[in-house]
Amino acid sequence: MISAGEVLKVIKERIENFDGQVKCESVGEVISVKDGIALVYGLEKAKFGEVVAFANGTIGVVLNLDCDTVSIVIFGSENSVGEGDIVKCTNQLMDVPVGLELLGRVVDALGNPIDGLENFDTKTRLPVEIKAPGIIDRQSVTEPLQTGIKVIDMLIPIGRGQRELIIGDRKTGKTAIAIDTIINQKSHNNEVIDKEKVYCIYVAIGQKNSSVARIINKLRESGALEYTIVVVAGASDSASLQYLAPYTACAMGEFFRDNGMHCLIVYDDLSKHAAAYRQMSLLLRRPPGREAYPGDVFFLHSRLLERAAKMSDKKGGGSLTALPIIETQAGDVSAYVPTNVISITDGQIFLESEIFYKGLRPAVNVGLSVSRVGSSAQIKSVKKVAGSIKLSLAQYRELEDFAKFGSDVDVHSQKILDRGRRMMELLKQKQYSPLSVGEQVAVIFAGTSGYLDDISVNDISKFEERLLSELNSNYPDILSSISNNNFTDDIRSLLSKVISKIASSLK
């Protein structure tokens, strides 16, 4: 028989060990799950954009708030969430791991590694949705970001902190330009301290896994993966993860920007991102608008791209440069999403199928492409030769259309046409073969100065190969002087002699 003393002792222990703190949780119950959207009853204190946790550990984000229910987008497999499951509010916003530890890694839209390597230990996490820097915190674009592609660096220059859209039909070389730009940063990064390096982030949205694997292998082969983060939300991933991926990557890029470093981010592509958001919005029963997109599809991309900026010196002087990619249908740039992104960005690089099939690669339409702020970031040695090439090509395009209607062309016009054809040939460039600033200036200088006028158009590529080989082997000082913005009269005359010597051997 239990004595009264023992009972009192147990009661006393229970009272002493009682934790008086009351733990309050906002809890709801899943009513239905379909197409990646969970309808939950309860969660009265849930906030828009708040992360919630399901019973099995899967997370989601609140995107609709109704009287008695909330609609939650599930980040993960919907098969693991069932009717009647308990859902808890976390009182947190969506955040992802950021930092230098992620360089060289492949992660998913939640920041989890998917490359089969060990987990990374990052102490820093940043919210995926954050307000873009204000006007006072920014400064104008003043430093160039070299792509290594002649036609872009000379005619459509990109500066650090700029948003430059790459737009064109499928299979016109949009991704190739972005990957070439990432690979080109290797030579720059090898010459500067860590603070001045350009770190890169490539975001694959709705891409085939085979295509993404090919890009990762190319980055690894060229030694570019060591300063690059690859974020993947493939075609087999849910619409919610494809929607989240660009914001995840942008948060990772902001780590570099806000710590006084430089970062380049490629969104490939925002057309599929908009389609994923359209799918989510329709499933959330939001009213459709033009082309069935929701009314806030402009805000979807503007709040993402406005986070790319060149920060003021007070804020560390870091930069985040964005290269969003848009895929058009049959060259229609007046569609809803393309016009939205064109109006948000600081310029666009138009790629055309017709130019591509003519064999002009990269297939950039120089007449329609523009960079609104990048020209102020060009170095002087580039500006000296870039101005004359713009004029030459403008005159060539005008006369080319005119010459189609008649065979009789005066001597002056014929001279412009001949030089224009050689300049177009000179702007051709093979994929994965970026050129340094010095090499680009030397090649374009040869064309604009008339040294190629007597060379056959078919021999232009041969001339370029010989010139670059000669300069790299015997005159590296010329290339380094031009790259260091030191294109003096002495350098110009020495370069002219080298060009004349090679040109005369091909006449």
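Each Cβ is built from the backbone N, Cα and C atoms, and glycine gets one as well.
These numbers come from a predicted model, not from an experiment.
Counting only same-chain residues six or more apart in sequence, the Cβ atoms lying under 8 angstroms from the Cβ of R170 (ATP binding site) belong to E327. The annotation ATP binding site is assigned in Swiss-Prot to G168, D169, R170, K171, T172, G173, K174, T175 on the grounds of sequence analysis.
Long-range C-beta contacts of S369 (site 'Required for activity'), restricted to its own chain and to partners at least six residues apart, with a cutoff below 8 Å, comprise L155, I156, G347, Q348, I349, F350. Per Swiss-Prot, site 'Required for activity' is recorded for S369.
Around K174 (ATP binding site), taking its Cβ as the centre, 26 other Cβ atoms fall within 10 Å, counting all chains.
Neighbouring residues of the recorded ATP site, listed in sequence order and excluding G168, D169, R170, K171, T172, G173, K174, T175, comprise E327, L351, F356, A363 (Cβ within 8 Å of the Cβ centroid). Around D169 (ATP binding site), a 10 Å sphere centred on its CB holds 18 further CB atoms from the protein chains shown. The Cβ of K171 (ATP binding site) lies under 8 Å from the Cβ of S353, F356, each of which sits 6+ residues away along the same chain. Sequence-distant neighbours of T172 (ATP binding site) (same chain, 6+ residues apart, CB-CB distance under 8 A): L351, E352, S353, F356, A363. Residue with the densest Cβ environment among the binding-site residues G168, G173: G168, by other Cβ atoms within 10 Å.
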